[in-house]
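Summarising the annotation, TrEMBL assigns transmembrane segment to 12-31, 51-69, 76-97, 103-121, 133-157, 169-188, 273-291, 297-315, 322-340, 346-369.
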Amino acid sequence: MRKIFLKENILFLIIYGFSLIFSALLIRAIYPIQLQLQKPIFFDLIELNVIIPYWLIYFAGSINIFLIWMIAKRFIIGHLALIPVLIYCFSPWSFYLVVTNSFYVYLLTFILIIFQGILLIKSRRFRWGMAAFILGSILFLYSFVLGIFIFPILITGLSLIKFVSFKKIRPALFIISFLCLPLLIANFKNQAGTGNIYNNQVALFKDPGHMNAVNVFQGESRKAGYSFIVKLGENRYIYFSKYAFFKAIKHFTPSTYFTGQEGLLKFSFSPPVYFGFLIPFLYGLSLIFKSPALRNGLAVSFILLVPSFVSKTLVNLNRLVLFEPVIVFVISLGMIKIIQNRKERIFKLMLFLTIILVSVQLLVTVFDINFREYIRYERYLGGALQIGD
């Protein structure tokens, strides 16, 4: 047993070492490009200039890898628990965001701590679970304006699908409510600041181009004599409804996650997750649809799509990184089943294609980072070192 434990830890360190090498390669290529800096909401409300430092984002990125491993070990037995870690570390998504100082990598840490706390409570390690759950919840709520909306829905959803008993976490929720009083007072005292922060975060219909498109279309229609019909068939409410629907569909489209269609950091051609992982992802998704418990769990996780959905752009990969662990675990489910059934011809072929495609894409990414990434950044962003959210 000790040998197995030691071997598993060594494998984890090897995977973690790869992640450090990958991060170092990115730092060498694109530093000091960074995403727009954001303050935790509490410090913004009390008007303290507290910015999340670089080292804390790097630390959060490392902690995320460890937390994904810890969570995976609750569901997966043996060395296969390293599969989610491997997939996470072989995907460019989070590493690009760590190197560019993404605030959402920092937020992801708190979401993973909350989930790990719930798992510890379920496994009867009550004190440690309560401590992790309270710590993650407080830090998340004090950091993110949309956390006040996301957190209660997430916890309610997990309770409704009976993933965690509400009675078990009720004491923790009382403590969290009490500890959030300073945040509520700060919101009340600085309502103008709260409104500004909220408006910056929720920009679903803020792009003036949308209204311009409606006005131009209606103007042309009036000239043609179809003013009344167009007002009924194409007004701002219908246009925005269609736009919101299309935006929602984009968040459920595999090409958003497995191709470079949306552009990491608005200039990179690297996909968030390598296309080769689409094979186990689709297989994992089919397994989830067959299981009511897994299906319900996936449905609850969709709340993590909200920050990207309410952003100004069609898809915001920076904000969408909060959903990355869900994608990773769906891929992992499919990958584990493929490995377990690899003696069958179809699963052997699926495993072979996945390994080949991911290996080729990894080599292409390494080459691309070294020789083209910075040039591409200068071409698309014109040398601006800070990238807008």
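Keep in mind that glycine also has a Cβ here, set from the backbone N, Cα and C atoms.
Comparing 76-97, 297-315, 346-369 for CB pairs under 8 angstroms to the transmembrane segment (322-340), the maximum falls on 76-97. A contact between the transmembrane segment (297-315) and the transmembrane segment (133-157) is present, since 3 or more of their C-beta pairs, 6 or more residues apart, lie under 8 Å. Only residues 6 or more beyond the boundaries of the transmembrane segment (103-121), in the same chain, are considered here, and those with a CB under 8 A from a CB of the stretch are 35, 37-38, 52, 56-57, 60-61, 63-64, 67-68, 70-71, 74, 94, 97, 128-137, 139-140, 143-144, 147, 154, 158, 163-164, 168-169, 304, 307, 318-319, 321-322, 324-325.
The transmembrane segment (169-188) and the transmembrane segment (133-157) are in contact, since at least 3 Cβ pairs between them lie under 8 Å (pairs 6 or more apart in sequence).
Scored by C-beta pairs under 8 angstroms, the transmembrane segment (12-31) has its highest count with 76-97, from the stretches 76-97, 133-157, 273-291.
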